[in-house]
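Engineer: This is the structure I have questions about; it appears just below.
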């Protein structure tokens, strides 16, 4: 099929499409026939192809929607869900979708802030749910491992923890987050100051490209490999697995929590934290969270991890950050894998097996983030505190994550994630609420407006030209493709430079080369060079 004919087919079926599963007509039926013929699905166990006619369809769809805000009847639904059991199944989906004009979303564990791993607007789409592709193979002697992208961070941590006490991997704090999206956008946790992002520690990958080929690092080339490690993998293909580099950790890790309920004291300590947290030795990570307690009063929580014993930590804190008042009684020594459980708020003594649980969150949320490059004034911290006292911030959080260390050592261009040296910390504003308590969406609007108001208030105090954002905290308020500008590139640049700064242009060039028909696209994907919207 010639490109012009193929493009016309895609455009034709992207117009006037209802979000209902039953309304997509013959091209969906042809897509399913293509899948069934190539996969011989009737003889495959477990079942791979799921449609709305199947009893499994909605349970599979809902099981990995990690933001209940999008688990409502109004949300567009896929025409089908495919749960591959082998790599060739993914190749088949891509080839059949290309042939029959079906858009594809790829879901690892469903934690996209805006639901774009299982939602598409105004076009028929299928979801590739990678839940069955979750094997993990570690090579402790060579400090490496292969991780399929249907696995979660918790499953990776579990395999590491049961295999070795001297190795770790620097990814996110929340164990239920999938490694597919997290690693392809960056991925950070308690080890980021020592070892950088998850993406910084990926040394190979297997990807299904727009032609349905399976490529490793050597076959895809260094530009392609660069793009998927921080540029958001969904713009470039379906990532099947990562080869990760494991990092060294000692037998003893120290963790601590210090809570401050006095506004005056907390504000004073946060002000000092801004000058210390990115400059202390990279063995130390101190995150600050502002939130409401059970008694509904705002408090500041300083949560830390030190790569080493408690006595060394206390000496360091006395020298670098005495204002926190850390005492030995507030610290606990443990192994790295135990610290993973501790940061995930599991009860003490819980078995490692809980890291493999895939429980779905019960709270809807909306989040935004910024990067802070100069300490914000005390008056601004006080105003943030005041805004957390609002009724709609009852379950809200403002999270300050320190950078520095390894994050400052790497250049902006080494991976697509550009927010490196010069950033003191990242600050995230998140509102949570219970969707079932707000049937008419009136309260939801209040929560969304609260996040917007905090974000607007912070404008003078955060990065500028561009105002940076983290692609893993995807925010549709930054913009989406609406066809209001001459080219998709012009639209995409408005938020692309916020996520990627100068790396956006290189990502566009890679995208144009490896996916010239823009098959792998969503409302905020990397555009082609001068593609007409």
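Placement of Cβ uses the backbone N, Cα and C atoms for every residue, glycine included.
So Swiss-Prot lists the following for this protein:
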- 34-96: disulfide bond (DISULFID)
- 74-249: domain 'FAD-binding PCMH-type' (DOMAIN)
- 111: pros-8alpha-FAD histidine (MOD_RES)
- 1-23: signal peptide (SIGNAL)
Engineer: Please work out which residue of 34, 96 has the most C-beta neighbours within 10 angstroms of its C-beta, and give that one of the disulfide-bonded residues.
Structural biologist: 96
Engineer: Hey, how far is residue 96 (disulfide bond) from the residue listed as 'pros-8alpha-FAD histidine', Cα to Cα, in Å?
Structural biologist: 26
Engineer: Might you list, by sequence position, any residue in that chain lying six or more from residue 111 (pros-8alpha-FAD histidine) with a Cβ less than 8 Å away from its Cβ?
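Structural biologist: For residue 111 (pros-8alpha-FAD histidine), the qualifying residues are 66, 67, 117, 174, 176, 177, 178, 181, 182.
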Engineer: In DSSP terms, helix, strand or coil for residue 34 (disulfide bond)?
Structural biologist: helix
Engineer: What mean pLDDT does the predicted model reach across the domain 'FAD-binding PCMH-type' (74-249)?
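Structural biologist: That stretch averages a pLDDT of 97.
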Engineer: Which three-state DSSP class does residue 96 (disulfide bond) fall into?
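Structural biologist: Note: residue 96 (disulfide bond) is helical by DSSP.
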Engineer: Three-state secondary structure of residue 111 (pros-8alpha-FAD histidine) from DSSP?
Structural biologist: coil
